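Trainee: So TrEMBL has the following annotated:
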BINDING   Asp97, His208, Thr210, Glu368  Mg(2+) binding site
BINDING   Asp97, Asp373, His377, Asp414, His415, His490  Zn(2+) binding site
ACT_SITE  Ser147  active site, phosphoserine intermediate
Amino acid sequence: MWECGCFLVLWSELSVVWHPWNVKIRKRRLIDNKMKVVQLLILSCLVWEGKTKVQFPEQEKRPDYWRDFAQRSLKDALKLQELNKNIAKNIILFLGDGMGVPTVTAARILKGQLSGQNGEETQLEMDKFPHVALSKTYNTNAQVPDSAGTATAFLCGVKANEGTVGVSAAAVRSQCNTTQGNEVTSILKWAKDAGKSVGIVTTTRVNHATPSAAYAHCVDRDWYSDADMPNEALQSGCKDIARQLFENIPDINVIMGGGRRSMYPKNTPDVEYPGDKKQNGTRKDGRNLVGEWIDRVKEKRGFYVWNKKDLLSLNPNNVDYLLGLFEPADLNYELERNTENDPSLTEMVDVAIKILKKNERGFFLLVEGGRIDHGHHEGKAKQALHEAVEMDRAITRAGLLTSEYDTLTVVTADHSHVFSFGGYTPRGNSIFGLAPTLSDVDQKPFTAILYGNGPGFKLVNGARENVSTVDYQQNNYQAQSAVPLRMETHGGEDVAIFSKGPMAHLLHGVQEQHYIPHVMAYAACIGQNKDHCRTNSGSSSYFSHISPALLFPLLVKWLLC
Ligand SMILES: *[C@@H]1O[C@H](CO)[C@@H](O)[C@H](O)[C@H]1NC(C)=O
Ligand SMILES: *[C@@H]1O[C@H](CO)[C@@H](O)[C@H](O)[C@H]1NC(C)=O
Ligand SMILES: *[C@@H]1O[C@H](CO)[C@@H](O)[C@H](O)[C@H]1NC(C)=O
Ligand SMILES: [Zn+2]
């Protein structure tokens, strides 16, 4: 019925617009307005259709569609017998903070729905990677881990205690005197020592847990600047994380993210928000870390930027060092980003790779989608999932700028969240939508997305809130949770590791998280295990890594072709 009505309204609208004498007498502007109304009507008809019927492509009814699909996948899988054993000149690690498997699936559906598809059938860029493994994420002292201990695992190759970065499990959180002697180095340092260019790009502050394990040795992830440290720790010689960013590894080539507040002396107004006193610099030691950095690299084609315009006006061919600090603390959520002033993760990754890839010895780049985690902690699934989709876009961009022939790309997460979606939703259901039935206990609707715990727990007159009375599609809606907590917690299950490029096949099976950098280093012939690398020259060669058993069939193939 409704569809019929919709068609009639459309028809009458069209006849008004396109009737010959009407066109002659009406002004152009009026017609444009009419056309907008028509477009809107068509759109609302389509939306209505999507809501009333479960629709899926007609071809999916044919068994042959699925059989051909599977046969193509099988053919691709069979090709994997020719393993890529090249030396990885470049390594890119994409870390989705808090990007558990349910988040990956939901982000995939969201990405598809953003481009008008049902979503379930969509492929994320990371879905296209040929190799997948599971990563066991626990910290040495925690079943459900935090981002600091896990970052130490996937960057330094050593499992560690929660809350600590770049130190072994012999170090105790917040106890300065347990730092010395327990430092462990990261793959970023191994890469730098091997002459590669290195970079860090994140949507959090650059001295946040994940990136800091790449360069700092700190018993407390919260020691962002010296103002965040106890006096006792300062007196015992422990250093804040911001300071270590500039002092530990001589000149990381690319550093991008947020965190200006930790870099300037206290009472220094922020460059972007001078009127907002909360954004003042915080340092007690009076140092201007940005100024010191600029002085150190300005003769070496080094540039500091704090906004998108300045970032995009740089010519990467003329830049060897880049410090980009776009907010006083973390960057804004992608959904709330000021698209004039602040770059997206994809834009940052684009510039970073163009700068780093100039080094003929290659590069190591850590990219963190750091605020997937924050969205989940706030119970704001829409923010979290848009962050994950943006990281996937950045993965696509990185793929266009590099080659699987010489670049190992790994996508993984530090840990999961107690985020879930379910409820027997029909195909194409909005990922932020309702399950199709009411609860058979309280007779109220429920959203497909729910959290095990978190700030979304809500009682109205002593009972579960009726979600149909609120806008559960809005950006900051907090999905319901079973247990009230101000901050939703991490989840303890394994996360995925997606990989492509040289030696990617070594990331297979169920592995401990600290295995990851050992594989990346092995692939790149850096770090502790280089026995398989050619010693007579630094250059990589495909054929030097092919066994005689493989060489013979290759020779036959070559002769036949
Ligand atoms: C280390 O510092 C803690 C206080 O933070 C103290 O209780 C402990 O005795 C110290 N240990 C050593 C070996 O000095
Ligand atoms: C921020 O800096 C301004 C200017 O130096 C100063 O007047 C103000 O008290 C500072 N506010 C805070 C909260 O540090
Ligand atoms: C929930 O809210 C919707 C929309 O206001 C209403 O139609 C429905 O009756 C409510 N359900 C219950 C059980 O209160
Ligand atoms: Zn977290």
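Cβ atoms are placed via backbone N, Cα and C, with glycine included.
The model shown is predicted, which means the values in this text are computed figures rather than measured ones.
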Trainee: For Glu368 (Mg(2+) binding site), what is the secondary structure by DSSP, using just helix, strand and coil?
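Mentor: SS state of Glu368 (Mg(2+) binding site) = strand.
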Trainee: If one measures from the C-alpha of His415 (Zn(2+) binding site) to the C-alpha of Thr210 (Mg(2+) binding site), what distance in angstrom results, rounded to a whole number?
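Mentor: The separation of the Cα atoms works out to 11 Å.
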Trainee: Can you tell me how far the Cα of Asp97 (Mg(2+) binding site) sits from the Cα of His377 (Zn(2+) binding site), in Å?
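Mentor: Asp97 (Mg(2+) binding site) to His377 (Zn(2+) binding site), Cα-Cα distance: 11 Å.
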Trainee: Could you check which of these recorded positions, Ser147, Asp373, His377, Asp414, His490, sit within 10 Å of Thr210 (Mg(2+) binding site), going Cα to Cα?
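Mentor: The recorded positions close to Thr210 (Mg(2+) binding site) (Cα within 10 Å), listed in sequence order, are Ser147, Asp414.
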Trainee: Could you measure between Glu368 (Mg(2+) binding site) and Asp414 (Zn(2+) binding site) for me? Cα positions, answer in whole angstrom.
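Mentor: Distance between the two Cα atoms comes out at 10 Å.
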Trainee: Which of the three DSSP-derived classes (helix, strand, coil) applies to Ser147 (active site, phosphoserine intermediate)?
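Mentor: Looking at the DSSP assignment, Ser147 (active site, phosphoserine intermediate) belongs to a helix.
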Trainee: Distance between His377 (Zn(2+) binding site) and His208 (Mg(2+) binding site) at the Cα atoms, whole Å?
Mentor: 16
Trainee: Do any of the recorded positions Asp97, Ser147, Glu368, Asp373, Asp414 touch ligand 2, in the sense that the CB is under 6 Å from one of its atoms?
Mentor: none
Trainee: Cβ within 8 angstroms of the Cβ centroid of Asp97, Asp373, His377, Asp414, His415, His490: which residues besides those meet this for the Zn(2+) site?
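Mentor: Checked against the 8 Å cutoff, the neighbours are Gly98, Asp146, Ser147, Ile372, His376, Ala413, Ser416, His417.
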Trainee: For the residue listed as 'active site, phosphoserine intermediate', which of the binding-site residues His208, Asp373, Asp414, His490 has the nearest Cα in space?
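Mentor: Considering only the listed binding-site residues, the nearest one is Asp414.
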Trainee: Could you round the CA separation between His208 (Mg(2+) binding site) and Asp414 (Zn(2+) binding site) to a whole angstrom and send it over?
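Mentor: Just about 13 Å between their Cα atoms.
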Trainee: Below 8 Å Cβ to Cβ and six or more residues apart, same chain only. Which residues does that give for Asp414 (Zn(2+) binding site)?
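Mentor: For Asp414 (Zn(2+) binding site), the qualifying residues are Leu95, Asp97, Gly98, Thr137, Pro145, Ser147, Thr150, Ala151, Phe154, Thr210, Val495, Gln513.
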